[in-house]
């Protein structure tokens with residue numbers, strides 16, 4: 001029977017935020033506003049990158065991929081939460097829960113590898129500026145971007161198969177506003193230790209590999225910046241990687257708090273807040289961080305906004 005789902009549970013109930021009826025409508029308006037702002041901001045970044053020839057280079061190609069991930073991440077989780085808040089429809093099918101978790105882990109895993117690739121890109125740009133276009137060609141960029149999506153897919157496939165071949169026989173109330181690894185694992189009536197160990201090991205190998213690439217890249221970047229002669233050169237160099245470093249710190253901080261720990265330490269109320277940080281606020285903050293700290297992006301985004309206003 002190994003690998004066959006023996007579950008007696010055919011659906012799950014997402015209790016999450018929808019268990020507060022007195023503020024349910026206010027929460028709906030709040031999260032709908034944040035979601036629409038997130039989608040608008042990231043679509044604006046994508047349009048700016050695709051229509052401005054000055055942004056047709058590796059750095060902004062990867063930024064476009066990041067914006068696409070930042071559109072997908074809240075879409076996977078927030079739309080179901082909005083339905084629960086508005087219509088009190090907290091039920092999600094077993095298959096729906098499995099697909100939601102799969103796509104969420106896929107996006108999160110892909111973003112981890114993409115941030116590592118972006119760190120390597122910044123390392124080459126600052127430490128080897130004369131060879132940059134030869135080393136980081138658009139062909140290499142395409143291969144690296146495809147690789148991040150493929151690795152994210154198979155990483156998610158492994159995690160999802162390990163979780164949803166467990167036995168769910170009693171409670172079906174997911175104490176979260178979407179299906180995620182810790183709250184779903186907490187519902188299983190099968191022994192979960194061995195699978196948690198495999199999940200942690202796989203996540204540890206992949207996550208630590210991406211983190212090491214990011215860390216080493218920034219060690220070389222900071223070393224190169226410190227050896228620069230003028231303060232103007234140092235400021236210019238740091239401005240090209242400051243946005244990415246801010247995004248990296250924000251992303252790793254929230255995901256580590258959520259996933260790098262056993263399910264026995266799962267705290268529903270604390271995890272709801274942390275999951276909102278990386279699942280809702282981070283995708284909104286990323287385009288703002290890049291557009292505010294990068295003059296080229298700011299200029300291109302401003303042009304897109306002016307064209308939209310003219311069209312309206």
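Cβ atoms are placed via backbone N, Cα and C, with glycine included.
Since this is a predicted model, take the numbers as computed values, not measurements.
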| Which one of these stretches, 1-24, 25-48, shows up in TrEMBL as transmembrane segment? | 25-48
| query | If we call contact 3 or more Cβ pairs under 8 Å (sequence gap 6 or more), are the transmembrane segment (99-120) and the transmembrane segment (25-48) touching? | reply | no
